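These come from TrEMBL:
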REGION    1-26  region 'Disordered'
DOMAIN    171-298  domain 'GST C-terminal'
REGION    321-352  region 'Disordered'
COMPBIAS  342-352  compositional bias 'Acidic residues'
Amino acid sequence: MSDATGATEAKGTDTTGREGNAAYGKKPFKRSRSHFADRITADGRDGWPVEAGRYRLVVSRACPWASRALVSRRLLGLEGALSLAIADPIQDERSWRFTLDPDDRDPVLGIRFLSEAYDARETEYPGGVSVPAIVDVPSGKLVTNDYQRITLDFATEWTALHRPGAPDLYPEPLRDEIDEVMEGIYLDVNNGVYRAGFAAKQSDYERAYRDVFRRLDLVSERLAGQRYLVGDTITDADIRLFTTLVRFDAVYHGHFKCNRNKLTEDPVLQAYVKDLYQTPGFGDTVDFDHIKRHYYKVHLGVNPTGIVPLGPDLSGWLTPHHREELGGRPFGDGTPPGPVPADEEVPEAGRP
Ligand SMILES: N[C@@H](CCC(=O)N[C@@H](CS)C(=O)NCC(=O)O)C(=O)O
(Lines of atoms letter the chains of each structure in order from A; the text may use other names.)
(Lines give C-alpha, C1' and ligand atoms only; values in the text may rest on other atoms or scores of the structure.)
Protein backbone atom coordinates (compact mmCIF):
# COMPACT_ATOMS: atom_id res chain seq x y z
CA MET A 1 0.00 0.00 0.00
CA SER A 2 1.50 3.30 -1.05
CA ASP A 3 0.84 6.64 0.62
CA ALA A 4 1.11 10.11 -0.89
CA THR A 5 4.84 10.24 -0.31
CA GLY A 6 5.49 7.04 -2.21
CA ALA A 7 6.52 5.25 0.96
CA THR A 8 5.28 1.73 1.27
CA GLU A 9 3.74 0.12 4.30
CA ALA A 10 6.11 -2.68 5.20
CA LYS A 11 6.16 -3.19 8.92
CA GLY A 12 9.35 -4.76 10.09
CA THR A 13 11.52 -3.62 7.19
CA ASP A 14 15.01 -2.87 8.42
CA THR A 15 16.09 0.38 6.80
CA THR A 16 19.69 0.07 7.94
CA GLY A 17 20.97 -2.41 5.38
CA ARG A 18 22.68 -4.06 8.33
CA GLU A 19 21.78 -7.52 7.18
CA GLY A 20 22.89 -7.04 3.66
CA ASN A 21 21.02 -7.51 0.45
CA ALA A 22 19.69 -10.89 1.55
CA ALA A 23 17.40 -8.99 3.92
CA TYR A 24 15.68 -7.47 0.92
CA GLY A 25 15.65 -10.53 -1.34
CA LYS A 26 15.68 -9.23 -4.87
CA LYS A 27 12.94 -6.70 -4.22
CA PRO A 28 13.60 -2.99 -4.63
CA PHE A 29 14.25 -1.17 -1.36
CA LYS A 30 10.97 0.06 0.15
CA ARG A 31 10.92 2.60 2.93
CA SER A 32 8.47 1.66 5.64
CA ARG A 33 5.81 4.17 6.55
CA SER A 34 6.17 5.65 10.01
CA HIS A 35 3.95 3.57 12.25
CA PHE A 36 3.33 6.04 15.05
CA ALA A 37 1.74 9.06 13.46
CA ASP A 38 0.10 10.79 16.43
CA ARG A 39 0.55 14.52 16.22
CA ILE A 40 1.60 16.95 18.93
CA THR A 41 -0.66 19.91 18.29
CA ALA A 42 -1.62 23.26 19.79
CA ASP A 43 -5.13 21.94 20.57
CA GLY A 44 -3.93 18.51 21.69
CA ARG A 45 -6.50 16.68 19.53
CA ASP A 46 -4.50 13.42 19.46
CA GLY A 47 -4.02 13.62 23.23
CA TRP A 48 -0.60 15.26 22.92
CA PRO A 49 -0.77 19.03 23.45
CA VAL A 50 2.24 21.23 22.71
CA GLU A 51 3.79 21.88 26.12
CA ALA A 52 7.22 23.22 27.10
CA GLY A 53 9.41 20.61 28.77
CA ARG A 54 7.04 17.69 28.24
CA TYR A 55 8.64 15.91 25.27
CA ARG A 56 12.09 14.68 24.29
CA LEU A 57 13.32 14.56 20.71
CA VAL A 58 15.48 11.50 20.07
CA VAL A 59 17.80 11.67 17.08
CA SER A 60 20.92 10.29 15.57
CA ARG A 61 23.07 13.01 14.06
CA ALA A 62 23.90 10.43 11.38
CA CYS A 63 20.33 10.23 10.12
CA PRO A 64 19.09 12.62 7.42
CA TRP A 65 15.44 12.24 8.47
CA ALA A 66 16.22 12.99 12.11
CA SER A 67 18.48 15.85 11.10
CA ARG A 68 15.52 17.66 9.54
CA ALA A 69 14.05 17.89 13.04
CA LEU A 70 17.40 19.02 14.48
CA VAL A 71 17.70 21.91 12.01
CA SER A 72 14.08 22.96 12.32
CA ARG A 73 14.25 22.91 16.15
CA ARG A 74 17.31 25.19 16.02
CA LEU A 75 15.87 27.63 13.47
CA LEU A 76 12.64 27.96 15.47
CA GLY A 77 14.44 28.22 18.83
CA LEU A 78 12.69 25.22 20.37
CA GLU A 79 15.78 23.98 22.22
CA GLY A 80 14.54 25.19 25.62
CA ALA A 81 11.05 23.73 25.14
CA LEU A 82 11.93 20.38 23.59
CA SER A 83 14.96 18.62 25.01
CA LEU A 84 17.29 16.47 22.91
CA ALA A 85 18.65 12.94 23.20
CA ILE A 86 21.44 11.95 20.84
CA ALA A 87 21.84 8.26 20.12
CA ASP A 88 25.13 6.53 19.38
CA PRO A 89 25.62 6.50 15.60
CA ILE A 90 26.32 2.78 15.74
CA GLN A 91 23.23 0.67 16.46
CA ASP A 92 23.49 -2.83 17.86
CA GLU A 93 21.00 -5.67 17.48
CA ARG A 94 18.63 -3.77 19.79
CA SER A 95 18.84 -0.72 17.53
CA TRP A 96 19.45 2.85 18.71
CA ARG A 97 21.15 3.10 22.10
CA PHE A 98 22.31 5.81 24.46
CA THR A 99 25.92 4.73 24.83
CA LEU A 100 27.16 8.32 24.46
CA ASP A 101 25.61 9.14 27.85
CA PRO A 102 26.98 8.38 31.33
CA ASP A 103 26.07 4.84 32.40
CA ASP A 104 24.86 4.21 28.79
CA ARG A 105 21.48 5.64 29.74
CA ASP A 106 19.52 8.64 28.53
CA PRO A 107 19.62 10.94 31.59
CA VAL A 108 16.04 12.24 31.15
CA LEU A 109 14.16 9.14 29.98
CA GLY A 110 16.29 6.77 32.07
CA ILE A 111 16.38 4.20 29.26
CA ARG A 112 19.29 2.48 27.53
CA PHE A 113 17.61 1.75 24.19
CA LEU A 114 15.09 3.78 22.20
CA SER A 115 13.14 0.53 21.76
CA GLU A 116 12.10 0.85 25.43
CA ALA A 117 10.02 3.91 24.52
CA TYR A 118 8.49 2.03 21.58
CA ASP A 119 7.66 -0.89 23.90
CA ALA A 120 6.14 1.48 26.47
CA ARG A 121 3.83 2.74 23.72
CA GLU A 122 2.89 -0.59 22.14
CA THR A 123 3.88 -3.97 23.51
CA GLU A 124 5.32 -6.36 20.96
CA TYR A 125 5.40 -3.73 18.26
CA PRO A 126 6.62 -5.71 15.25
CA GLY A 127 8.21 -2.87 13.26
CA GLY A 128 11.66 -1.31 13.26
CA VAL A 129 12.83 1.25 15.78
CA SER A 130 13.67 4.47 13.99
CA VAL A 131 14.74 8.04 14.56
CA PRO A 132 13.58 10.76 14.71
CA ALA A 133 11.29 9.89 17.61
CA ILE A 134 9.48 12.15 20.04
CA VAL A 135 8.92 10.66 23.48
CA ASP A 136 6.51 11.84 26.18
CA VAL A 137 8.78 12.30 29.21
CA PRO A 138 6.22 11.71 32.02
CA SER A 139 4.96 8.37 30.62
CA GLY A 140 8.12 7.35 28.73
CA LYS A 141 5.95 6.52 25.71
CA LEU A 142 6.83 7.15 22.11
CA VAL A 143 4.44 9.73 20.62
CA THR A 144 5.55 9.87 16.98
CA ASN A 145 8.23 8.70 14.59
CA ASP A 146 6.57 10.40 11.63
CA TYR A 147 9.57 12.21 10.17
CA GLN A 148 7.54 13.77 7.34
CA ARG A 149 5.11 15.40 9.78
CA ILE A 150 7.39 16.37 12.67
CA THR A 151 8.99 19.41 11.04
CA LEU A 152 5.69 20.65 9.61
CA ASP A 153 4.19 20.50 13.09
CA PHE A 154 7.20 22.29 14.61
CA ALA A 155 6.55 25.08 12.09
CA THR A 156 2.77 25.32 12.42
CA GLU A 157 1.67 23.81 15.77
CA TRP A 158 4.54 24.75 18.11
CA THR A 159 4.30 28.47 17.32
CA ALA A 160 3.49 29.49 20.91
CA LEU A 161 6.94 28.21 21.91
CA HIS A 162 8.94 29.63 18.99
CA ARG A 163 11.69 32.12 19.81
CA PRO A 164 11.08 35.79 18.99
CA GLY A 165 12.24 36.29 15.39
CA ALA A 166 11.64 32.65 14.38
CA PRO A 167 11.20 32.29 10.62
CA ASP A 168 8.04 30.93 8.99
CA LEU A 169 9.30 27.64 7.57
CA TYR A 170 5.97 26.66 5.98
CA PRO A 171 4.34 29.91 4.83
CA GLU A 172 0.67 29.47 4.03
CA PRO A 173 0.63 31.08 0.56
CA LEU A 174 3.53 28.87 -0.62
CA ARG A 175 2.42 25.54 0.82
CA ASP A 176 1.26 23.94 -2.44
CA GLU A 177 4.53 24.79 -4.14
CA ILE A 178 6.60 23.68 -1.14
CA ASP A 179 4.71 20.36 -0.99
CA GLU A 180 5.23 19.74 -4.69
CA VAL A 181 8.95 20.51 -4.56
CA MET A 182 9.42 18.40 -1.42
CA GLU A 183 7.58 15.44 -2.96
CA GLY A 184 9.85 15.25 -6.01
CA ILE A 185 12.95 15.69 -3.88
CA TYR A 186 11.74 13.01 -1.46
CA LEU A 187 11.09 10.41 -4.13
CA ASP A 188 14.19 10.95 -6.25
CA VAL A 189 16.79 12.39 -3.90
CA ASN A 190 16.08 11.89 -0.15
CA ASN A 191 14.88 8.34 -0.72
CA GLY A 192 16.49 7.92 -4.14
CA VAL A 193 19.97 7.65 -2.63
CA TYR A 194 18.71 4.86 -0.35
CA ARG A 195 17.08 3.05 -3.29
CA ALA A 196 20.45 3.19 -5.06
CA GLY A 197 22.49 2.22 -2.02
CA PHE A 198 20.30 -0.69 -0.91
CA ALA A 199 19.43 -1.99 -4.39
CA ALA A 200 19.84 -5.74 -4.71
CA LYS A 201 19.45 -5.79 -8.48
CA GLN A 202 21.48 -3.94 -11.10
CA SER A 203 18.36 -2.55 -12.78
CA ASP A 204 16.95 -1.18 -9.50
CA TYR A 205 20.25 0.52 -8.77
CA GLU A 206 20.43 2.03 -12.24
CA ARG A 207 16.87 3.35 -12.06
CA ALA A 208 17.53 4.96 -8.68
CA TYR A 209 20.87 6.43 -9.82
CA ARG A 210 19.17 8.02 -12.85
CA ASP A 211 16.35 9.39 -10.68
CA VAL A 212 18.84 10.94 -8.26
CA PHE A 213 20.82 12.77 -10.92
CA ARG A 214 17.84 13.72 -13.11
CA ARG A 215 16.27 15.42 -10.11
CA LEU A 216 19.53 16.97 -8.92
CA ASP A 217 20.01 18.47 -12.39
CA LEU A 218 16.51 20.00 -12.24
CA VAL A 219 17.11 21.32 -8.74
CA SER A 220 20.48 22.74 -9.78
CA GLU A 221 18.82 24.57 -12.70
CA ARG A 222 16.17 25.96 -10.37
CA LEU A 223 18.73 27.13 -7.84
CA ALA A 224 21.01 28.76 -10.40
CA GLY A 225 18.93 31.94 -10.29
CA GLN A 226 17.33 31.85 -6.85
CA ARG A 227 18.88 31.48 -3.42
CA TYR A 228 16.27 29.11 -1.93
CA LEU A 229 13.96 26.46 -3.32
CA VAL A 230 10.63 28.26 -2.87
CA GLY A 231 10.10 32.00 -2.41
CA ASP A 232 13.01 34.10 -1.19
CA THR A 233 13.39 32.68 2.32
CA ILE A 234 14.43 29.40 3.92
CA THR A 235 11.55 26.90 4.10
CA ASP A 236 11.12 23.28 5.15
CA ALA A 237 11.93 22.32 1.54
CA ASP A 238 15.47 23.68 1.97
CA ILE A 239 15.89 21.80 5.24
CA ARG A 240 14.90 18.53 3.56
CA LEU A 241 17.21 19.03 0.59
CA PHE A 242 20.06 20.17 2.87
CA THR A 243 20.09 17.04 5.04
CA THR A 244 20.63 14.84 1.98
CA LEU A 245 23.06 17.13 0.15
CA VAL A 246 25.31 17.67 3.17
CA ARG A 247 25.85 13.88 3.28
CA PHE A 248 26.31 13.47 -0.46
CA ASP A 249 30.08 13.41 -0.93
CA ALA A 250 30.76 11.83 2.47
CA VAL A 251 28.47 8.81 2.09
CA TYR A 252 26.10 8.76 -0.89
CA HIS A 253 28.75 9.23 -3.58
CA GLY A 254 30.92 6.29 -2.50
CA HIS A 255 28.98 4.04 -0.14
CA PHE A 256 25.62 4.34 -1.99
CA LYS A 257 27.26 4.47 -5.46
CA CYS A 258 25.61 7.76 -6.49
CA ASN A 259 28.81 8.62 -8.26
CA ARG A 260 28.06 10.35 -11.56
CA ASN A 261 29.63 13.35 -9.89
CA LYS A 262 30.39 14.69 -6.46
CA LEU A 263 28.42 17.63 -5.17
CA THR A 264 31.62 19.65 -5.21
CA GLU A 265 31.57 19.21 -9.01
CA ASP A 266 28.21 21.00 -9.33
CA PRO A 267 28.98 24.69 -8.73
CA VAL A 268 25.34 25.64 -8.05
CA LEU A 269 24.49 22.84 -5.62
CA GLN A 270 27.85 23.12 -3.93
CA ALA A 271 27.36 26.83 -3.27
CA TYR A 272 23.72 26.32 -2.21
CA VAL A 273 24.56 23.68 0.38
CA LYS A 274 27.59 25.62 1.66
CA ASP A 275 25.40 28.69 2.08
CA LEU A 276 22.97 26.70 4.22
CA TYR A 277 25.79 24.94 6.09
CA GLN A 278 27.16 28.34 7.09
CA THR A 279 23.71 29.60 8.15
CA PRO A 280 23.22 29.32 11.94
CA GLY A 281 20.98 26.32 12.68
CA PHE A 282 22.16 24.17 9.77
CA GLY A 283 25.90 23.36 9.87
CA ASP A 284 26.00 23.54 13.66
CA THR A 285 23.81 20.39 13.78
CA VAL A 286 25.98 18.34 11.40
CA ASP A 287 28.43 15.73 12.70
CA PHE A 288 30.43 14.25 9.81
CA ASP A 289 32.05 11.75 12.17
CA HIS A 290 28.66 10.31 13.20
CA ILE A 291 27.49 10.33 9.59
CA LYS A 292 30.46 8.40 8.23
CA ARG A 293 30.73 5.91 11.08
CA HIS A 294 27.00 5.13 10.92
CA TYR A 295 26.78 4.50 7.18
CA TYR A 296 30.07 2.65 6.75
CA LYS A 297 29.97 0.59 9.97
CA VAL A 298 26.25 -0.23 10.22
CA HIS A 299 25.40 -1.07 6.61
CA LEU A 300 27.63 -4.11 6.54
CA GLY A 301 25.64 -5.58 3.66
CA VAL A 302 26.98 -2.71 1.56
CA ASN A 303 30.41 -2.35 3.20
CA PRO A 304 31.34 -5.74 4.73
CA THR A 305 34.74 -4.66 6.06
CA GLY A 306 33.23 -1.80 8.05
CA ILE A 307 36.18 0.36 7.09
CA VAL A 308 35.39 4.06 7.37
CA PRO A 309 37.07 6.19 4.69
CA LEU A 310 39.22 9.10 5.81
CA GLY A 311 37.94 11.50 3.15
CA PRO A 312 36.52 13.61 1.81
CA ASP A 313 38.42 16.76 2.75
CA LEU A 314 35.95 18.95 4.64
CA SER A 315 37.80 22.25 4.52
CA GLY A 316 35.68 23.61 1.64
CA TRP A 317 32.55 23.81 3.83
CA LEU A 318 33.76 27.04 5.38
CA THR A 319 34.95 28.94 2.30
CA PRO A 320 32.90 31.75 0.61
CA HIS A 321 29.87 30.68 -1.47
CA HIS A 322 28.72 34.03 -2.91
CA ARG A 323 25.03 33.01 -2.84
CA GLU A 324 24.14 36.25 -1.05
CA GLU A 325 24.65 37.91 -4.46
CA LEU A 326 21.33 36.31 -5.51
CA GLY A 327 19.48 38.31 -2.85
CA GLY A 328 17.01 36.40 -0.71
CA ARG A 329 16.16 36.99 2.92
CA PRO A 330 17.19 33.82 4.79
CA PHE A 331 14.90 34.42 7.78
CA GLY A 332 12.31 36.63 6.09
CA ASP A 333 11.20 39.24 8.60
CA GLY A 334 12.80 37.20 11.38
CA THR A 335 16.36 36.79 12.64
CA PRO A 336 18.98 34.03 12.78
CA PRO A 337 18.93 31.71 15.79
CA GLY A 338 21.30 32.32 18.70
CA PRO A 339 24.27 30.14 19.59
CA VAL A 340 24.02 26.38 20.02
CA PRO A 341 23.35 25.39 23.67
CA ALA A 342 26.71 24.41 25.19
CA ASP A 343 25.66 20.79 25.82
CA GLU A 344 24.58 20.35 22.18
CA GLU A 345 27.74 21.45 20.44
CA VAL A 346 29.01 19.06 17.77
CA PRO A 347 32.35 17.61 18.93
CA GLU A 348 35.44 18.70 17.04
CA ALA A 349 35.82 15.28 15.39
CA GLY A 350 32.58 15.89 13.48
CA ARG A 351 33.39 19.38 12.20
CA PRO A 352 35.43 20.62 9.21
N1 LIG B 1 10.66 6.24 10.33
C2 LIG B 1 11.12 6.03 9.00
C3 LIG B 1 12.28 6.91 8.53
C4 LIG B 1 13.40 7.24 9.46
C5 LIG B 1 14.56 6.32 9.25
O6 LIG B 1 14.64 5.56 8.27
N7 LIG B 1 15.52 6.38 10.15
C8 LIG B 1 16.62 5.45 10.11
C9 LIG B 1 17.95 6.13 10.36
S10 LIG B 1 18.44 7.17 9.03
C11 LIG B 1 16.44 4.46 11.22
O12 LIG B 1 16.22 4.82 12.36
N13 LIG B 1 16.54 3.17 10.89
C14 LIG B 1 16.50 2.15 11.87
C15 LIG B 1 16.05 0.84 11.37
O16 LIG B 1 15.37 0.79 10.34
O17 LIG B 1 16.35 -0.16 12.02
C18 LIG B 1 11.32 4.57 8.70
O19 LIG B 1 10.97 3.74 9.55
O20 LIG B 1 11.72 4.23 7.59
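From the backbone N, Cα and C atoms, a Cβ is placed for every residue, glycine too.
Note on the region 'Disordered' (321-352): DSSP counts are 10 helix, 0 strand, 22 coil. This prediction places the mean pLDDT of the domain 'GST C-terminal' (171-298) at 98.
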